[in-house]
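Per TrEMBL, transmembrane segment is recorded for B:22-40, B:52-72, B:92-118, B:125-144, B:182-201, B:232-253, B:259-278, B:285-303, B:315-339.
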Amino acid sequence: MATMATTATMAERGPALEVRDLTTRYGPVTALNTVTVRARPGEITAVLGANGAGKTTLLRTISGLVRGSDGSVLLGERDLTRAPAEAIARAGVAHVPEGRGVITELTVEENLRLGDLLGARRADRRYHLADVYDLFPALAERRRREANSLSGGERQMLVIARALLSGPEVLLLDEPSLGLAPRIVARIFGILRDLVDRDGLTVLLVEQNARSALSIADAGFVLNLGRVVAAADARTLAADDELRHAYLGF
Amino acid sequence: MPDSVTAAARRLLPSSVLGRNLLGVLAGLLVVVVVLELTGPFRNSQFATMSYYAIAAVGLTVLTGLNGQISLGHGALMAVGAYTTGLLLETGAVPFPVAMLAAAAVTALAGVVVGAAAARLHGPYLAGATLALAVGVPGLAIYFDGVFGGEQGLRVSSPRPPDWLADAVYFVTAGDLTSARYLAYIGWITLLAVLLLLANLTASRYGRIWRAVRDDEVAAELAGVRLGRMRVLAFVVSAACAGLGGAVLAMVVRLAAPSGFTIVLSLSLLTAVVVGGLGSLTGALLGSALLVFLPPAVTGLGTDLGLTGTQAAELAPLVYGVVLVVVMLVAPGGVLGAVHRLRHAWTRRRQGARDVGAVGSSKQGG
Amino acid sequence: MQQFVNVTLGGLSQGAIYAAFALALVLIWRATRIINFAQGSMAMFTTYVALVLIEAGHSYWLAFGAALLGGLVLGAVVERLVIRPVEGGPALNAVIVTLGLFVAFQAIAALLFGSSFESFPAPFGLSGFRVGEFTVAFTPFSAFVIGSVVVVMLGLVALFRFTDVGLRMRASAFNQEVARLLGVRVGGMLTLGWALAAAVGSLAGLLIAGGNLVHPAYMDGVIVYGFVAAVLGGLDSPGGAVVGGLLIGLALSYVSGYLGSELVTLAALAILVAVLLVRPHGLFSRAAERRV
């Protein structure tokens, strides 16, 4: 595995991903209303909120699957606002969509190769196939199997591995805990935290499961009805009883 | 006098759909009489041609537009009607209205068979199956050439105007009831009758159910609609129309031959239905007019531009094809849909900004 | 017995062509959920291009290559210009667009090349091999037909299995959104898919034309047989399309040999209806449930 990222110097350079005053509408419905979110490099930033708060729309707008009507998306210095999804992916935003986004008709290795093909364009890629097989041995065992045959937890590992191979500057994860047993969620979150600590990965983590998310996050934003209602470091958010009861459900 | 008519019409209008449609058909009949009497044999036969296209097209628009089932096999169904008519008239014992009704009945029966299979298919599968029908059925006529006359087809003895009718027409209009005009009358009276039936049918419970099935099958099924039955019924109604259209075709063309029922015929009907606007009877009429009056126009244009006769004859199918593509890309609602949209946009602009909010909120449900 | 052998052999080489044509339909269906009803017309068009080149004195092989290349270009252009706007829309709209193209291409061909029957040459002999004292209905050209279809199929398998662009195409076909998130230019892949399919369709057109008469409508039956073959194999399964093509080729050959050639299309229709009613997913589709 490649060198450790110099987290300290990166933090001084400002956010890895910055979303400024983003507004997204579906027809007459405003799903995101002037949302500002920053993900600092080498950290896990959680985006929390109830169902329908706009969390998924936020990720889909960042990655270009949905067109924002106002505001901007910056990856470091690069303006990605309203770029096509494939260009945003090539710029280094790896979006693992809700429902995981495994291509079930392809084999495990073919899924991974797709990430690898994208990563091969980047000079600074950190992960290669062998690395992710080390990280997730279960995938190595099933590399020739169709992804359809994987369990939910294995699928989540597969899409994270695939995203890592693509050499992301920022990893967007949409509800990775959904439908998984707590034990497996803990394991996946543990691996995620390790990667961030060890390699300086930047993660924007969307979760309804606020308790688990805050347990590994460095900072958090709370969305409600398309607006940011709170933004602080993870510990502060977790300690705010009022906020927890009103928006986070624990 | 005109005032009292409109007043009477107004009194009748809101009372019932049937009454309103009946009135429309009577007005249509008046227009038909005037137009046919004022035009010569060439135009008469063009109108006769338009009538059989229109009869089949309005049937197809019920199927495709209202019920969402596509059929590329209506040319084949017209063939069934045409051959039935030809065989019955050949006997000399069957008066032509009976032959026409029999043609509609036989084709409806064919429609039950095809519809039963079609009811279980959707979109491209249905298109493919009915395409096979369109390409395959003319082969039957060749295979059983003893009955159907093979490649040459059947000569059809068209009905002649009875003397008393010719005399009566001469008495009223001082014009001859030529054979072309007589056939045009037969075609248009059939068309108006079909329109009356279909207009009432589409406004009825069945029409609503068909639309419901087209728009959301699952919801319709949950509401207790028996999908299969309703689909077959739509197919049968549509097939009966195609059979009637085929009957008129046989009498107008005086021939029922495999070469008259190629896939191009089926696709022309689809063009007529799509161009006018899927699901609209008026649209299907407009589309049928296009099928009749456009080919001579573009063919004439072609020969003016120096094309040979056979080349110029290909311009019409070229235009059909291009029209199908362009309409789907530019105005999937057809000509009428585009007109509606324009009118809608215009009235909305006139109403001004005060209604914008209301329009916005009404969309929210979707 | 001899007739049976001959009918079977004839069915196999026809079936190989239907298989190629069905494969072309399946390629497009998998990528865009559209049945390209214009595929027969497009193939007819490129075959005429080859015929024009041959009549101008060029070699068969140059014309052959030009037709395949022409198919590639035609497929790409058609996808970009007229299919792209209806992709992902109502199924009926896409069907109508491809039908429009079907009619339009035939009319253009008749305008440019005339609508009379013209004979198309074959690069190999058309008289059957001799086995002992019998002449069987298997000609050097049949061998070429089967050989070229096999080569194309192996080529496609290699492309999809072993190359990066093949993987990207499959990803785009199976899940457009995820493919885009992985940086795949899905639009480009769809265009490439249509181009390849049209080239395979063109091959089918050339093979059917070889030693036969061509006219603007000569592919009308083939679009039906190819469609039936594709549905028989399961529209999502390239392997199924090949098997379906061979089965249809054989079945129609028997119908034509023993009942009458006029009934071939109706027999195809009967097979289609039977398959759709009894096994709507086709013989080989793995899809659990599908709306037909």
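Don't overthink the numbers, they just go from 1 along the chain as shown.
Glycine residues also receive a Cβ, built from the backbone N, Cα and C atoms like all the rest.
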Next on the checklist: Would you say the transmembrane segment (B:232-253) and the transmembrane segment (B:125-144) are in contact under the rule of three or more C-beta pairs closer than 8 Å, pairs 6 or more apart in sequence?
Outcome noted: no
Item to check | Cβ-Cβ under 8 Å with the transmembrane segment (B:182-201): same-chain residues at least 6 beyond its ends | outcome: 17-18, 21-22, 24-25, 28-29, 32, 36, 44-45, 47-48, 50-52, 54-55, 58-59, 62, 96, 100, 158-161, 165, 207, 237, 241, 244, 248, 251-252, 281, 285
Item to check | Two-stretch contact, the transmembrane segment (B:232-253) and the transmembrane segment (B:52-72), at least three Cβ pairs under 8 Å | outcome: yes
Item to check | Distant-in-sequence neighbours of the transmembrane segment (B:92-118), which means Cβ under 8 A and at least six residues beyond its ends | outcome: 69, 71, 73, 77, 80-82, 84-85, 126, 129-130, 133, 157, 159, 186, 190, 228, 231-244, 246-248, 251
Next on the checklist: As a test: from B:22-40, B:259-278, B:315-339, pick the stretch that has the greatest number of Cβ pairs under 8 Å with the transmembrane segment (B:52-72).
Outcome noted: B:259-278
Item to check | Residues of the parent chain within Cβ reach of the transmembrane segment (B:22-40), under 8 Å, 6 or more residues beyond its termini | outcome: 9, 12-13, 47, 173, 175, 181, 184-185, 188-189, 192-193, 195-196, 199
